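Q: Before anything else, here's the structure in question.
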Amino acid sequence: MSPQTETKASVGFKAGVKEYKLTYYTPEYETKDTDILAAFRVTPQLGVPPEEAGAAVAAESSTGTWTTVWTDGLTSLDRYKGRCYHIEPVAGETDQYIVYVAYPLDLFEEGSVTNMFTSIVGNVFGFKALRALRLEDLRIPPAYIKTFQGPPHGIQVERDKLNKYGRPLLGCTIKPKLGLSAKNYGRAVYECLRGGLDFTKDDENVNSQPFMRWRDRFLFCAEALYKAQSETGEIKGHYLNATAGTCEEMMKRAVFARELGVPIVMHDYLTGGFTANTSLAHYCRDNGLLLHIHRAMHAVIDRQKNHGIHFRVLAKALRMSGGDHIHSGTVVGKLEGERDITLGFVDLLRDDFIEKDRSRGIYFSQDWVSLPGVLPVASGGIHVWHMPALTEIFGDDSVLQFGGGTLGHPWGNAPGAVANRVALEACVQARNEGRDLASQGNEIIREASKWSPELAAACEVWKEIKFDSFKAMDTL
């Protein structure tokens, strides 16, 4: 943007338009421990210098506007403005830069992901001087994290509630996702839980449709899990999707789930919104409910490499807003997810402190100051042959969720659940004995299938199914 002539106004300020970089590009700035730091991938329009583009991002996502205004004199811009403090070119790309911006903490309302995102990823993403803009990472300071409740319970509390330790948890999304009656839906839930799964799940778009109203589904699923619990002696759960058209209706469904005594409910946090999600997370902590989070709509936001928001940012936001589980991709299944990048944000979900590691896409060290962790959920196009890789990639603190990989078993739902449970137990035992799951995985599954006809049948059905012929879109 070329500077225009400034005009001396009678009210005592210089009106006009001036380049953003004169105010918002400050390479000498030393970041504070209380600053929120952002790393943006910026693609400027032709002719726009990177310093001006970076400064424009800092300005338009904090205190700036397109022209000088006289009310600037009524506040301290130096105290409140965002600052572009560093710019680096993206290796292998022309006209693309990583721009680092520091935001003073006073710009943001305490405990509000909604407010944080409204500033940092608001109107600036439609700014004409930029061809594309992507938020790659955020550093959330401990002072701001301490204003959030975070996950309702966290990993250790969930394990204590379920009395399940030393292995990943197993789940299954009920299919077909739409069209079943409540009674048939409950039947499928019972069969999967009885067969050995820990959880079954409503799909993200199962809310309250004409073929199955929410209250009927809740009742039949509760009956199914109590019956499965009594027969297996294990604590079971079904993710009852409380997502609704209004926050009031969502809370009504969560209250009914609590009255049924079930252990867990579910929310679609991106389509439902962060305000609704945080409200539900607070209710779940106060009332002893676990909260499973689905990320429906995330790929609209995060899949393009040069524009949008990376999922690691959405994952951090979810940990702040609240959720005990969140879908995170599988690396090996049908959905997008490159290994190093996926493990980078999986660690951001689970660990208390994560070091900066650009090889995994982590731009800043992050200290969560004991905010509870979130279990990553691997789901989408996975089956028994993937079990060794999933166990090796995600470790014990995860949920491995097989929808078609359970319900597609040729002998039915319960045998499908048995096959997955046997495969998981075999992989965990082999790992504990010191065997290498990455190189010996297929051998471990074949050995286990010799004493489990259910697993043998599953191995035969899915022996040729792979999803590795497609390259990941989101790479470093």
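Every residue, even glycine, has its Cβ placed from backbone N, Cα and C.
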Q: Per Swiss-Prot, which one of S62, S230, S379 shares the substrate site with N123, T173, K177, R295, H327?
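A: Checking S62, S230, S379 against Swiss-Prot: the substrate site match is S379.
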Q: Take the Cβ of N123 (substrate binding site) and count every other Cβ within 10 Å, whichever protein chain it belongs to.
A: 10
Q: Measuring CA to CA, name the entry from the recorded positions K175, K201, D203, H294 that ends up nearest N123 (substrate binding site).
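A: Answer for the nearest of the recorded positions: H294.
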Q: Using the CB centroid of K201, D203, E204 as the Mg(2+) site centre, which other residues of the same chain sit with their CB within 8 A?
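A: Near the Mg(2+) site, beyond K201, D203, E204, sit T173, I174, K177, D202, N205, V206, Y239, N241, M266, H294.
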Q: I need the CA-to-CA distance for S379 (substrate binding site) versus H294 (active site, proton acceptor), whole Å please.
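A: So the alpha carbons of S379 (substrate binding site) and H294 (active site, proton acceptor) sit roughly 10 Å from each other.
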Q: Measuring Cα to Cα, how far is H294 (active site, proton acceptor) from H327 (substrate binding site) in Å?
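A: Taking the Cα atoms only, H294 (active site, proton acceptor) lies 6 Å from H327 (substrate binding site).
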